[in-house]
Amino acid sequence: MHRVASSGSNGGSVRARKEKKLTYVLNDANDTQHCAGVNCLDVLKSSVSSDQSYLFTGSRDGTLKRWSFDEDAPLCSATFESHVDWVNDAALAGDSTLVSCSSDTTVKTWDSLSDGVCTRTLRQHADYVTCLAVAANNCNVVASGGLGGEVFIWDIEAALSPVTKANDSTEDSSSNGANGLGSSQPVASLRNVGSSNNISVQSSPSHGYAPTVAKGHKESVYALAMNDTGTTLVSGGTEKTGRFCLSGSSDSMIRLWDLGQQRCLHTYAVHTDSVWALACTSSFTHVYSGGRDQSLYLTDLGTRESVLLCTKEHPIQQLALQDDSIWVATTDSSVERWPAEVQSPQKVFQRGGSFLAGNLSFNRARVSLEGLNPPPAYKEPSITIPGSHPIVQHEILNNKRQILTKDAADSVKLWNITKGVVVEDFGKISFEEKKEELFEMVSIPSWFTVDTRLGCLSVHLETPQCFSAEMYSADLKVSGRPEDDKINLARETLKGLMGHWLAKKKHKPKPQASASGDILSVKDSKKNPTASKSEDSSAANDPVYPPFEFPSVSPPSIITEGSQGGPWRKKITEFTGTEDEKDFPLWCLDAVLNNRLPPRENTKLSFFLHPCEGSNVQVVTLGKLSAPRILRVHKVTNYVVEKMVLDSPLDSLAIDGGPQPLFAGNGLLPSGSKPWQKLKPSIEILCNNQVLAPEMSLATVRVYIWKKPEDLILKYRVAIAR
């Protein structure tokens, strides 16, 4: 605590450039389940080389999962984690390549039979990528469409750069999420389908590649379909064979198109709300459809006869046929397989309950059940792959280390974000009542932001704001530290998140001086020659304190980006130790390796300290004082006591006209103690005429007691005997 000038100026300041942020995603105990709605499905059927069938699912939680089945019991055999936003579509290109697209604007390819290895990242779209199409007999050809109206056709084995957007970084080699690691792989080529209803060929001498450019879409593209050889692409539809194409729309209609005549042949009014998913039989005689009305229908395209297969509790987003069953994905995190008689759809109609599909929306001409809702043909699914309930509500508690959450099943949990674990599961209770019960009168700066877009907690750290919060070691129950030792919450959290990386890094051989090596140390040595090479001797070897130890089972994932390659996502236990500033933000490495934090604002608080009115207690200070925001009131008390005893005769203190018993203790002077510690006055600190608890911080007093924008005013007096 020290005096500061009554007035002054901060001087000229330059606004810093926007730094890249670091996000960590907290996983629940069972991370083999999706924790948000499932957007896409695809089935890898058994082949001659493998008698095992797999189901692949992509979710709004940003991951894909591979499911195998042992006697119909689903098992998550791999998680594919690299996308940093919703996975919107996925498709199998051949037997070993899985292609996915995301709201993070990327298309990624994966080794579908691996443990989740991302083999390539394609960065060409300018907006969300919403849909994919793969040629069944030419697995090298993949089309992607997105919100920007762009459609790209990728030859994933080609080694040529695309002509359009030639200056952008189009392709990244990646290994399970972290971009820019290892040697560069060939850049994928593409054909662009843009906007204006024509197809043109453009030459590109610089790249030696003549792409096909087709223009037509002026708005977003939501669905694509491609013929088996990859020579014909339909955008806007979801199923296509030969000359016919089916489309589903937000007007609740299903339409059958003749591509040769370029007109709509038939309209089917089956649903009462938007149609979001279609799946056709191989003969293109029947279509399965689902959508926002939470119903799955089977429709005979020839006779117009429809039957309700099942009803769900959530809107249906995707369908996938497998043998005689159909997989159904919804906005819920679970996936179900239902009987569908795919090989012989007529068997479903023989069960009864069918009706004729009308041709006007919301006006169904049902023959057998006029005016009545048809009963579903099936009541229960044959297989259910359960998911975790997504978080739908959250509240950051005042201690800025815990978050209260409520999921879609109304279960309330308390999370500790500096450890990444659930502190307590309260079950189904009132969220608001529990929030009030957990209220603490404490003020700590907001050092992070949080959202639940992925269905789980995503904690965002941005410099320099994230380094604004400090706590005393004693308050965090960190032993072996001095009483006044302060711990920066963000710095220790980063150390905990990167503990596995640091451990792997220490065991890596040191790079040669001439190699690219540790660029961070090179840059640091230019700024401060004495600080270089410090990571191995000091900060990097600091232990991770218990309040910041993250679990190795269901560990959190980091989402960030460095100087190259774009954003990536990876579990903290999967780092190799080779990652550097090309992968991590420089400010993050500087904090973890060198314990060097950026300049911070508002870490100190100014206040005045006066004696209470009407008392004869001496004035111990003049002017304004400054102290850390986390300084406790008992420290202010000690300051007053020390000033009163050391700066004045002991018998001169009086209050209300007479001498008072100002000193506590047994009168004995412990060895090594100062004289004033033997004769300690009983002092109270007040604010707004309210006696302050000794454990309160100055920041807490300002927020909850003072409640004014002006500088804090504290008053002191000799404690009144009670």
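Every residue, even glycine, has its Cβ placed from backbone N, Cα and C.
Heads up, TrEMBL stuff is auto-annotated, nobody curated it.
TrEMBL lists 80-111, 122-157, 246-267 with the feature repeat 'WD'. Positions annotated as region 'Disordered' by TrEMBL: 166-187, 503-570. Look at TrEMBL and you will find 173-184 tagged as compositional bias 'Low complexity'. Annotation source TrEMBL lists compositional bias 'Polar residues' at 528-540.
Residue counts of the repeat 'WD' (246-267) by helix, strand and coil are 0 helix, 14 strand, 8 coil (DSSP-based). Helix, strand and coil content of the repeat 'WD' (80-111), in residues and according to DSSP, is 0 helix, 20 strand, 12 coil. Per-residue pLDDT, averaged along the repeat 'WD' (122-157), amounts to 83 for this model.
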